[in-house]
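Colleague: Below you'll find the structure I mean.
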Amino acid sequence: MERITSLVFFASFLIIFVSGVNQTRADSCDESLGLCETCDERCQAKHGPSCISKCDGEVGMLSCTCTYECGPPLPPKGNVCSGGTGMCSGKCPYKCCDTSCAQKYNGGRGFCNSFGNYNFCQCEYPC
């Protein structure tokens, strides 16, 4: 009798665990990152190495779309503001931009964004 009770308890625990894991799976999200120049690098800088970048649209006006794993929506924590720290340099384009934003804005994250021939360092931070 004790063995059956233990088996029922284990089976119930397993069912609860599997259904909980299934609910926490992340969805796929898309974000447009502007023109296609350095699309893959910008996508990975913003959403990590597991994201997928693609360029599509009309010839001459290809736009960068980044697909990444996103979880359920987070509860509102306040506003997210944007700022900048100038231009991204060729010496250290992405890491330096992120570092500059972290130093300039409390909780800031940075990424390089191309617009025409210019490569701007854009920051997002809680405000």
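Every residue, even glycine, has its Cβ placed from backbone N, Cα and C.
Note that the structure is a prediction, hence the values are computed from the model and not measured.
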Colleague: State the disulphide partner of CYS29 as given in Swiss-Prot, choosing from CYS55, CYS64, CYS66, CYS70.
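Modeller: In Swiss-Prot, CYS29 forms its recorded disulfide with CYS70.
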Colleague: Could you identify, going by Swiss-Prot, the member of CYS39, CYS92, CYS96 that forms a disulphide bond with CYS64?
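Modeller: As annotated by Swiss-Prot, the paired cysteine is CYS39.
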Colleague: If you check Swiss-Prot, which of CYS43, CYS51, CYS55 bonds to CYS36 via a disulphide?
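Modeller: Answer per Swiss-Prot: CYS55.
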Colleague: Tell me, from CYS81, CYS88, CYS92, CYS96, which cysteine Swiss-Prot puts in a disulphide with CYS127.
Modeller: CYS81
Colleague: Can you tell me which disulfide-bonded residues out of CYS55, CYS66, CYS81 are within 10 A of CYS39 (disulfide bond) by Cα, answering none if there aren't any?
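Modeller: For CYS39 (disulfide bond), the disulfide-bonded residues whose Cα atoms are within 10 Å come to CYS55, CYS66.
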Colleague: Within 10 Å of the Cβ of CYS43 (disulfide bond), how many other Cβ atoms are there?
Modeller: 23
Colleague: What's the CA to CA span in angstrom from CYS36 (disulfide bond) over to CYS64 (disulfide bond)?
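Modeller: It is 5 Å, counting Cα to Cα.
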Colleague: Measuring Cα to Cα, tell me the gap between CYS70 (disulfide bond) and CYS43 (disulfide bond) in whole angstrom.
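Modeller: Each residue's Cα considered, CYS70 (disulfide bond) and CYS43 (disulfide bond) end up 14 Å apart.
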Colleague: Given CYS29 (disulfide bond) and CYS97 (disulfide bond), what distance in Å do their CA atoms have, once rounded to a whole number?
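Modeller: Between the alpha carbons of CYS29 (disulfide bond) and CYS97 (disulfide bond) there are 24 Å.
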